[in-house]
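Undergrad: Got a structure for you, written out below as structure tokens; questions coming shortly.
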Amino acid sequence: MILSLDQGTTSSRAILFDQEAGMISQGQYEIRQSFPYPGWVEHDPEQIWETQLAAARDAIQASGQPAAAITAIGITNQRETALIWEKATGQPIYPAIVWQDRRTAQQCEELKNRGLAPLIARKTGLVVDAYFSATKLAWILDHVDGARERAERGELLGGTIDSWLIWKLTGGEVHATDVTNASRTMLFNLHDREWDAQLMEALRIPRCILPEVRMSGGEFGFAESCWFGTEIPIRSVLGDQQAALFGHTCLEAGSAKNTYGTGCFILMNTGTEAVTSSHGLLTTVAWGMGEELYYALEGSVFVAGAAVQWLQEGLGVISAPAGSEDKAREVEDSDGVVVVPAFTGLGAPYWDMYARGAVFGLTRGTTSGHLVRATLESLAFQSRDVIGAMEKDAGMPLTGLRVDGGAVRNDLLMQFQADILGSEVTRTAYAETTALGAALLAGLTSGVWSREQLERFNKAEKVFSPLMEPEERERRYHAWQDAVSRTMGWEKHEGHR
Ligand SMILES: Nc1ncnc2c1ncn2[C@@H]1O[C@H](COP(=O)(O)OP(=O)(O)O)[C@@H](O)[C@H]1O
Ligand SMILES: O=P(O)(O)OC[C@H](O)CO
């Protein structure tokens, strides 16, 4: 058996997989979200650890098998979220600052004003943004009494959630992270494959608080026997979006996955080449295996499933997200209605924080069915925007899209996604793709299965093939792009709000 620990933004999950990568049992606990001030988001590191441990114990107990039957542990986690703890006691000195937290936006503006953005982009593949870990770590060092001095004296350790879990599991033996998590900090040099001295200095992060960077499939020590009654080796660690890419077995360059949750996270494998984006996408490490690093291009859509929630909570035209499909089927098509859900601006490839949402093409005949249908279509249009940018950056066409996340249960949306992309969309039978990815990599690293075997673990539940005529596709997509261009810069105009 392989034990996968999936520490996400809203919950800690643990899943046990058998020899055929089938799920045996699972455990799950929600974690508390704290919003102390507008734009701030924090998690309690102790609660993260306790819920993760409890979830793992629940999964083992529910399996009816002894922990000794577990060959390896794989860890996957919410990325970028950062924390600092005391080396001697293991006490966190401040809550974990979550990836969504915007408190360091000003520090990021200053980095840009100092002209550091091109250097950071070249070295790390990232845009300068409060999303990433570095400014969060610096914020803790600057705002907790004495923290900077203590860090310089070597009394503190820091890192992302994976390094916290590894440190706890190994009883303080191992302070390590993997290349995927490191690549989300804004401190990791993608080309030298190590923490970058110039960036650590510019961002004021002492080297001694940072974990050692290891390959995603590798040795991360042993979970101590006090936790599960026996020692278990930790053999894979990777960020959750990368784990989903691996879980979809997008192992070849050109393969891509899209996770349709609140937002959409799209990653395309670009092989052993770190492709630099000219369209505002991020370059990130997909995983490190053996001696090799594999890279991905990543783009996010801010508002995806959240637009469906808006239909329910804001407009009241559906009573639950699942009802959006039936509602949309009440009409034959969107009848020229285009919804641009730029509620918080637009991400890749537009990057316009002043854009705001709009509905176009309303007529006297427009019904709530048309609005719902057009809103669902906006998830697919936005995904095509990102995927189109990826194809241009990577210089290779998409070889099919694998999908997961809450909204993929919507057949109408999936069919429209295939139609508007002009390529197949594959929904896999197994919903927990993230946990599966960490398990597959742990199993691969510990010799449970081979690279060739992995492919067969990812069974397609349904493949959506494009049915739309190419001319129609381009006409519809053109209308979408036209609509987007009309939403841009809205908030900048005086008197518009
Ligand atoms: N049948 C559906 N059709 C469209 N959207 C859906 C459907 N079911 C769920 N969603 C959307 O999916 C999102 C939840 O997916 P999930 O993967 O759990 O998200 P997250 O991990 O971001 O919390 C919600 O925003 C919801 O509106
Ligand atoms: O925990 P999730 O699934 O919301 O994913 C969070 C991402 O890793 C943030 O970059």
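Quick reminder: no glycine exception, Cβ is built from N, Cα and C everywhere.
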Undergrad: With Thr9, Arg79, Glu80, Asp240 listed by TrEMBL as binding sn-glycerol 3-phosphate, identify the candidate in Tyr131, Tyr294, Tyr295, Tyr350 belonging to that site.
TA: Tyr131
Undergrad: I'd like to know which of the binding-site residues Arg13, Arg79 has the most other Cβ atoms within 10 Å of its Cβ.
TA: Arg79
Undergrad: For Thr10 (ATP binding site) and Gln241 (glycerol binding site), what Cα-Cα distance in Å is obtained after rounding to a whole number?
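TA: Here the two Cα atoms lie 15 Å apart.
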Undergrad: Run through the Cβ atoms and count how many others sit within 10 Å of the one on Ser11 (ATP binding site).
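TA: Result for Ser11 (ATP binding site): 14 neighbouring Cβ atoms inside 10 Å.
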Undergrad: Mind telling me which of the binding-site residues Thr10, Thr262, Gln309 has the densest Cβ neighbourhood, counting other Cβ atoms within 10 Å?
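TA: Counting Cβ neighbours within 10 Å, the top one is Thr262.
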Undergrad: If we check Cα distances from Tyr131 (sn-glycerol 3-phosphate binding site), which of the binding-site residues Ser11, Arg13, Gln309 wins as closest?
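TA: Out of the listed candidates, the nearest Cα belongs to Ser11.
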Undergrad: Could you tell me which of these binding-site residues, Gly305, Gly406, has the greatest number of Cβ atoms within 10 Å of its own Cβ?
TA: Gly305
